[in-house]
Structures are given as C-alpha cells and as structure tokens.
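*Asks:* Mind having a look at this structure? Questions to follow.
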Amino acid sequence: MNEYLVLSKEVKEALAEGVPVVALESTIIAHGMPHPQNVETALAVEKVVRENEAVPATIAVIGGKIKVGLTCEEIEYLGEKGPEVIKVSRRDLPYVVAKGLDGATTVAATMFIAAMSGIKVFATGGIGGVHRGGEKSFDISADLQELARTNVAVVSAGVKSILDIGLTLEYLETYGVPVIGFGTDEFPAFYTRKSGYKVHITADTPAELARIIKVKWDLGLKGGVVVANPIPEEYSLDYEEITRAIDSAVLEAAEKGVRGKEVTPYLLAKVKDITGGKSLEANIQLVLNNARLAAKLAQELSKL
Ligand code: PSU
Ligand code: MN
C-alpha cells in the first residue's frame, strides 16, 4: 500500500497512538467553493478540528500520491488550481494515481482512503445523493454506494435540495446505512434545518452517536453512517429563497444539458451566484459546525 498511500507524520503518529483523527475531503476545496474562500475555509476547518483536540487529515491525490494530511501549501495549491484539478470519485482513483496526476477527492473517494488509513470519522459539508429525476437519469452519487460498504462515519449537514432528498433517504435505507439526526428528528437540507423528511434515529450527544456507530461495526454491519448535523440556526437561509435559487439552477443545468460529474459543481456555483454569495457563507459555517462535531465524535469513539 505504501507505494500509493502517504500519511503525514502527524497523522501517522496520531493513528499509532490512538489520538482521534478527522478526515476531510478536497472536492469541496477545488470544486465546491470559489478561491480564496475555499482555501480559507479548508484551513479554518483544520483549525476547528485541532481546537477540539483531534488531528485533521485533509485528503487528496497530489502528483499521483494519495496524501492523507495535506500541508498548508498543498491546500493552497489545490484551492488555487480549483476546477482544473480532476474531481476524483471511486472510479477515477486508479487512473489519477497511475498517471501521476492531481485529484480532489469526493466523499466516496475520501471515505475509501480514510478507511484504508484507519480513520473512522470524516467531516464534510453535504454528501452526494440521488439527483432530481434520478429514477430516469440514474444520476446517483457514488457517495451512497461508498456509505453502503465502507466503515467511516460521515458528518454532514444533510443534502441540498439540488438532489431528491426523499429518494436519497430511500436509497440509504435500502443499503442499510443508518442516518442519525444530531439533536433533531428531521433530516436537514444543508442550507436549512428542515427538509420535510424525518430521520429514523436521533442522537443528542457525541457519546450517544459513538455508541451507535461502535455497535454497528461490532456487529459486523459493514458500511458507513450518515450523521446529519443541522446548520446552526443563526446561519441558516430562508427556505423559500433557497428553494427558488435551487429550482432555477436545476432548470438551467437541464436546459444546458450538464451531465455526469459536472452536475454537482455546476449547481453549487449557480446557487451561489443566484443568492449573491449568501449560500457560500452558510456553506462555510455549516462545514465548521460539522468539523466541530466530527472531532468530538472521534474523541468519543477513541474512548470505546
Ligand atoms: N455537495 C456539496 N458540496 C460539495 C459536494 C457535494 O454541497 O462540494 C461534492 C462532494 O465532494 C461530494 C461530491 O462527494 O460533490 C458529489 O459529487 P457527485 O454527485 O458527482 O458524486
Ligand atoms: Mn452524478
């Protein structure tokens, strides 16, 4: 494995000593946010993880090496190159490594690499899911299959309504992925705390979350867990406004015939433009909030 995988010294030592580690993805840096907010956010997220006594491990492919624990310079490099960096999900990983290229890892690829490295907790903004019209287009993020098979707990603020939230939850149910609302019985919709869909489990403390996750894996139930952590009230956006922005972005993407891996980044950028950057501020705040919870969860898991 060492031929491909490079853990930073800090991450390697933390894992050897049982210090909690939180994995972080890089598609959000290169494709999810504009420069320079992407770099500022990635560094702020790492800081929040440290403040909560865990070690951050931002994951990406740099020059064909799968790196776990990027340096600040590497984060800046990815952030500056932005969409030029290949978006790497599970299927893209062999190619990017074989060719010695750079790659920004999605939730799916980051989960896979985290598990390979021995990291159990991962913080992000939102996971991918079943796109609207997915029953026809088959546009279903590889993140969902990864959650079905890879043992990593993913803390997110739910999924955006650029996706079909109902179908996404059905898919997760079919594949046996627990969806745990943190302090809520409603699945959050990223920018808003409400989506109109319930979660089937609620946990109110990081310790309670950790216990459920530990039991899952002790029982040999393979796969991940979605921890759905609602955006803090003070940063959440107006439901009507964000719904309008998303609806018009989805319509435009369909008209332009945007397909495949371009769909998610296209919609994210469009929604940001329509809301005049308000969605970006909410996005930044919810990622920080997720990093905080992930660090606490990693702490609790390390005690069990
Ligand atoms: N949702 C967001 N921001 C993001 C993504 C999703 O709100 O940056 C990124 C994540 O990296 C996620 C990926 O894993 O998009 C999903 O892409 P796709 O739908 O092509 O699988
Ligand atoms: Mn897709």
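Each residue, glycine too, has its Cβ placed from N, Cα and C.
Note: TrEMBL annotation is automatic and uncurated.
Keep in mind that this is a model prediction, so the values were computed, not measured.
OK, TrEMBL features for this one:
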type     : residues                              : note
ACT_SITE : Glu25                                 : active site, proton donor
ACT_SITE : Lys160                                : active site, nucleophile
BINDING  : Lys87, Val107, Ser141, Ala142, Asp143 : substrate binding site
BINDING  : Asp139                                : Mn(2+) binding site
*Asks:* Give me the Cα-Cα distance between Glu25 (active site, proton donor) and Val107 (substrate binding site), rounded to a whole Å.
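*Replies:* Between the alpha carbons of Glu25 (active site, proton donor) and Val107 (substrate binding site) there are 6 Å.
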*Asks:* Using DSSP and collapsing to three states, where does Lys87 (substrate binding site) fall: helix, strand or coil?
*Replies:* strand
*Asks:* Could you check which of the recorded positions Glu25, Lys87, Ser141, Asp143 have their CB within less than 6 A of ligand 1?
*Replies:* Glu25, Ser141, Asp143
*Asks:* Taking only the Cα atoms, work out how far Ser141 (substrate binding site) lies from the residue listed as 'active site, nucleophile', in Å, as a whole number.
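*Replies:* Roughly 13 Å, rounded to the nearest whole number.
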*Asks:* So if I take the recorded positions (Lys87, Val107, Asp139, Ala142, Asp143, Lys160) and measure from each Cβ to the nearest atom of ligand 2, which come out below 6 Å?
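*Replies:* Only Asp139 qualify.
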*Asks:* List the other residues in this chain whose Cβ sits within 8 Å of the Cβ centroid of the substrate site residues Lys87, Val107, Ser141, Ala142, Asp143, in sequence order.
*Replies:* Thr27, Ser89, Arg90, Thr106, Ala108, Ala109, Ile127, Gly128, Glu146, Thr264
*Asks:* Can you count the other CB atoms that lie within 10 A of the CB of Ser141 (substrate binding site)?
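*Replies:* Taking all protein chains shown, Ser141 (substrate binding site) has 25 Cβ neighbours within 10 Å.
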*Asks:* Going by DSSP, is Glu25 (active site, proton donor) part of a helix, a strand, or coil?
*Replies:* coil
*Asks:* Quick one: Cα separation, Asp139 (Mn(2+) binding site) versus Lys87 (substrate binding site), in Å?
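*Replies:* Rounded to a whole number, the Cα-Cα distance is 16 Å.
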*Asks:* Whole-number answer please: how many Å between the C-alpha atoms of Val107 (substrate binding site) and the residue listed as 'active site, nucleophile'?
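*Replies:* If we compare the Cα positions of Val107 (substrate binding site) and the residue listed as 'active site, nucleophile', the gap is 15 Å.
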*Asks:* Do any residues at least six apart in sequence from Lys87 (substrate binding site), in the same chain, have a Cβ closer than 8 Å to its Cβ, and if so which, in order?
*Replies:* Thr27, Ala30, His31, Gly103, Ala104, Thr106, Lys261, Pro265
*Asks:* For the recorded positions Glu25, Asp139, Asp143, work out the Cβ neighbour count at 10 Å and name the residue with the minimum.
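*Replies:* Across Glu25, Asp139, Asp143, these recorded positions, the one with fewest Cβ atoms within 10 Å is Asp139.
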*Asks:* Could you state the CA-to-CA distance between Lys160 (active site, nucleophile) and Ala142 (substrate binding site) to the nearest Å?
*Replies:* 16
*Asks:* Measuring CB to CB from Ala142 (substrate binding site), give everything in the same chain under 8 Å that is also at least six residues away in sequence.
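*Replies:* Counting only residues 6 or more apart in sequence, the Cβ neighbours of Ala142 (substrate binding site) under 8 Å are Ser89, Arg90, Arg91, Thr106, Ala108, Gly128.
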